[in-house]
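Here TrEMBL flags 37-58, 109-128, 140-157, 169-189, 383-414, 434-456, 477-497 as transmembrane segment.
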Amino acid sequence: MLQSWKRLQVTYHGGKYSIQRLLALEAYTRSASSSRVLLLCIATPLPMATLVILQELIPLQDPKDGWKANYGFWLRDAITAFVVNLTNLGQAPFFITDLPISKLQFAPLYYVVQIIVFRIVIGTRIFYRMLAQRFQLERYMAFITIQFTLVLLYPAYEAVFHVAEETWYHFLVILLLPVIKVVVKNMVLRCTIHLEDMMPEAAIFTVDYFNAIYVATCVQSSSSASAIMAITITDLTQALLMLYGLHRHTARTLPKLGRIVKEIPLNDSVLLSLSTLCRDLVNRDKQLDVGIRVRSCIPHQLSPIDEELIDKLDFLTNTTRVHVVQKAAIEGHREDLSWDSNSTSITGSSWCSRRRSDVIYPSIQLNTTPAEKLNILREALEVLFTTECLVVAAYLEAVVPLFYSGYMLVMVHFPSAQYHSEMVGVTRENVGATVFPVFVFAVLQIVAFVLLGLLIKRNCGMRALWQLAFVLESQMFLIQGKLMVWIMITLCCRLAHFGEYFFPNGSLRC
C-alpha cells in the first residue's frame, strides 16, 4: 500500500534536476551567506501579507446598499483581476511546444475573454507569432485551467467538510483531502512534465498552497475537537511517510558516491561531487545519457567555466538546438538556431548564483566505468528533485498556517471583518482561542520541516535551507505571483458581496 501511494506522488515520479540547475545550486550553496538565506525564507511571505493588509484598508460598504454604492468592492475586484492576469502572463514564456493536452475550443468562457483582451493588448504581429506555437499555447491554457479548477474544488470541499461534521462519515471526508491533493498534483504533472525544473514550484505553490490554507481553515472553523485531532493526525502521518520514503530513497546515495568520488567534502557533498562527476564525463569519457537534461527551462546565470561545461555537455547530447530555442523563448532574444551553434555564454556575476575561482574539486576513481558514473549521476539528480519537492512543500505547509494565524489576529481589528465569512463569530475577545489550534498545527509543521532538514543533512550532506532559498530566489517572480493570486482568491474573496449561504448548523459561508 505504501508503494502504491508513493507511485502517485509527484515527488517520486522520476523527475530529475538538469545539469545547469545542479551547477547553479552548487554555486549558490557556496556563495550565499546564512543571513541571506534566512532573510529569503522569512521575507518570502511578506509581500503576500502586505497585499492582504493594503487591500483590507480599502473600505467596504454593505452589500444591501446595491452595486452602485459598493465602490470599495469593485476596486478590490479590479486589483484582484490585475494581479491574476499579470501572474498568468508571467508564467506563459516558460511553456514550450510539446504534446497537446487540451483544445482551445473547449476552454471556459473566461479564457476566451482573456485571449481576446490579450490579442488587443499585444497587437496583431505578436499574436500571430503565438498562434504559430499552438501546442505551447494549448499546454499553457491547460495549466491555467487546472490551477483555477482549485478555486472551485477546495471551497466545495470546505462545504462538504462542514456538512459532514458530527456525522459517521466525517473521518472519510477528512481522508479525502490528501487524495484531492495527489490527484490534482498529478494533473499539474501532465502539463509540466516537459519542464522538470519547474515541476516542484508549479505543483507545490498551487496545489500544496490550497491544501495548506484549507487545512488551516478547517482546523480554525471546526467545532469538533475530534475533527481537529483527525486532521492533525492525518497530516502528520503524511509527514512521517514522507520522511521514511526520503530516507529509503537517499540512504544509498552517499555510499555510491563514495565508491566513485575520492575525498567527499563534509558540506554539500552531493552537489560538489556531482559537479566533479559532470566534468569527468566531459573531459575523460566524453559521453552523457540523453535522458539527462543539460539546460534548465528556468534561466540560470553561471560563471564562464560552468557555461563552457554546459556547452560541452550540450554538444555531447546533441540537443543544442532544442535548448537554444528554449533559452531564447525565456530570455526573449533572437539567436542563431543552427545545429553547429553553441548557446551564448553568460559572462559576469549572477544575482543568484556566483562561482569562486578557487574551488577544489575531489577526484574520481580511475577504475569507474562510464555506465556507473551515469547511473549515479541520474540517481543523484532524482534525489535533488525529490529533496526540492519535499523541502519546498514542508516550508509552505509550515508558513501557511502560521500566516493564517497572524491573519486572523490582525483581521479582527479591521471594520471589513464583518463581511468576511471566516470571521463570523470571531471577536477580539475570543480570537486567541480560535486561532490557537491553527498555531499548534503550524508548530508541528515547523518540527516536521526541521526533521526533514536534519534527514537531508544526514543522508545527502546537503543544507536543506540553502536549497529552499535557492528556489525562492531563482524563481521569485513565479512564486510571488502565485502566492499573491492565491491569497487574494482564498482570503480576500471570502466576502458576503460574492453571495452567501448557510450550513444546517447555521454557520455562514460565502
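Yeah, the Cβs are placed from backbone N, Cα and C, and that goes for glycine too.
Between the transmembrane segment (140-157) and the transmembrane segment (169-189) there are at least 3 Cβ pairs closer than 8 Å, counting only pairs 6 or more residues apart in sequence, which means the two stretches are in contact. When each of 169-189, 383-414, 434-456, 477-497 is checked for Cβ pairs under 8 Å to the transmembrane segment (37-58), 477-497 comes out on top. When Cβ distances are compared across the two stretches, the transmembrane segment (434-456) makes no contact with the transmembrane segment (477-497), since fewer than 3 pairs at least 6 residues apart fall below 8 angstroms.
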